[in-house]
Amino acid sequence: MSNYVLALDQGTTSSRAILFTREGDIKQISQKEFTQIYPQPGWVEHNANEIFDTQSWVMRECLQEAGIGAADVVAAGITNQRETTVVWDKATGAPVYNAIVWQDRRTAGFCDELKARGLADVFRKKTGLVLDAYFSGTKVRWILDNVPGARAKAEKGELLFGTIDTWLIWNLTKGKAHVTDSSNASRTLMFNINTGAWDDELLGILDVPRSMLPRVTGSSEVVGDIHPEFLGKAIPIAGNAGDQQAATYGNACLKPGMAKNTYGTGCFMLMNTGTEVRSSQNNLLSTVAWTTPSGRFYALEGSVFIAGAVVQWLRDGLGIIKAAPEVEQLALSVPDNGGVYLVPAFAGLGAPHWDQYARGTMVGITRGATKAHIARAALESIALQTLDIMDCMQKDSGIKLAALRADGGATRNNLLMQFQADVLGVPVERPKVTETTALGAAYLAGLATGFWKSEDEIATMWQLDRRFEPNMSDDKRQHLVYEWQRAVERAKAWVEA
């Protein structure tokens, strides 16, 4: 009898494989980082072959280290950095260009052109998204227009497009499956979330041939098998969801009104809105959460581009810490931020501002400011950006959040979690298994193959590690928020278009 589900978690900085038990506990984790490529300011790329090579390597290592064979694995689930775009040759499988990463800003000018043509509402109504360089559609167009010969080949049906899930599945199945799920498709600017299908009008505006696009499947169904060459035996690929949707599922936010925030490279808050699309009036995104036998579920999403990455910047850019975990003790060495506010708009501002021309800004610096104040301001910026999103989410949904479930690497930072509860004014719940992105992919795969019987069973498996209760006066909270909002205004529109 197979006792495990394998999750392949392909992230922005590393590829990981995690084995989960029937109880939803972690048996083994394997991780490998890969190269970040910055060809020009504002451009971010990955080598698509390196992504697949690292992912297949950790998949093998994970099973070897756990001392189990492929026969012990009932199914595999995939979750991935979303929006990152790969275009490859259908015949050879070779990418025609590096993967263009979700953080990449090179298509900002084209997004402005589309807005000037009055098309923002067309895209918002059909896709739930804003016209921003973040999403895949404009990246595909850039590749077709800037890689010699790419457009001609695409129009002959010789090129394929995929987000990272599609690229992994294509390679794992040896080219047998060119598929994506509805959650990933909903991040492309080419998918109509109301009809659940690619949209010809949007494809026409973006000038992307339909023949390039993958077939859209559910998030919890068998779409193909990992070829026996990789692990010695075929394993069904039975779950697929973009990383933030998978984390929402892994946090068991299965009922409308439940919300989670993932603290990773960026910060991503999603609220389950049920089987109806809830349009945002406050610059949030409406997105597909997942499609399961229970139906197509939607979410409101607020995306913060820079969260944990601000701590990496303290380490790599400023050199004020040697390792990321040191930031908590450094920040705790001062009682407050000393009036220093850091707006980490290194790649523009995401929700709810959507300012591609904002840049990182630090204000309130005096001679008394120290590296500890900067460290504290950096951590606080993560929580304050999250507050901006929660305020909008509550207005759009009409739901007062009862608690926020938190996951991702930065949730290990107790100072950040407590400050988050303080500024939100609601409890923050950290689960025992914080690898909820991978867990969500595992749940979706296990559900499709009968490893877990129902979503009710999955909901009962979620376990609390620690609940952080708000402990800040209203006056102090209001002052922090007021100063933060002043700092954000100073970061906006810094780059002159």
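Every residue, even glycine, has its Cβ placed from backbone N, Cα and C.
If you look up Swiss-Prot, you'll see T12, R16, T265, G308, G409, N413 marked as ADP binding site. Positions annotated as ATP binding site by Swiss-Prot, on the basis of sequence analysis: T12, T13, S14, T265, G308, Q312, G409. Swiss-Prot lists T12, R82, E83, Y134, D243 with the feature sn-glycerol 3-phosphate binding site. Sequence annotations record features per position, and here Swiss-Prot assigns glycerol binding site to R82, E83, Y134, D243, Q244 based on sequence analysis.
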Inter-residue Cα distance where the pair is R82 (sn-glycerol 3-phosphate binding site) and G409 (ADP binding site), in Å:
18
Cβ within 8 Å of the ATP site centroid (T12, T13, S14, T265, G308, Q312, G409 excluded): which residues?
G11, G264, A309
Hey, of T13, R82, E83, Q312, which of those binding-site residues are within 10 Å of T265 (ADP binding site), Cα to Cα?
T13, Q312
Specify the nearest of the binding-site residues R82, Y134, D243 to R16 (ADP binding site), where nearness means the distance between Cα atoms.
D243
Same chain, not part of R82, E83, Y134, D243, Q244: whose C-beta falls within 8 angstroms of the C-beta centre of the glycerol site? Give them in sequence order.
Q81, T84, W102, R187, G242, F268, S303
Among S14, Q244, N413, these being the binding-site residues, pick the one whose CA is nearest to that of Y134 (sn-glycerol 3-phosphate binding site).
Q244
R82 (sn-glycerol 3-phosphate binding site) as reference: those binding-site residues from T13, S14, Q312, N413 with C-alpha within 10 Å of it:
none
Inter-residue C-alpha distance, D243 (sn-glycerol 3-phosphate binding site) and T12 (ADP binding site) (nearest angstrom):
10
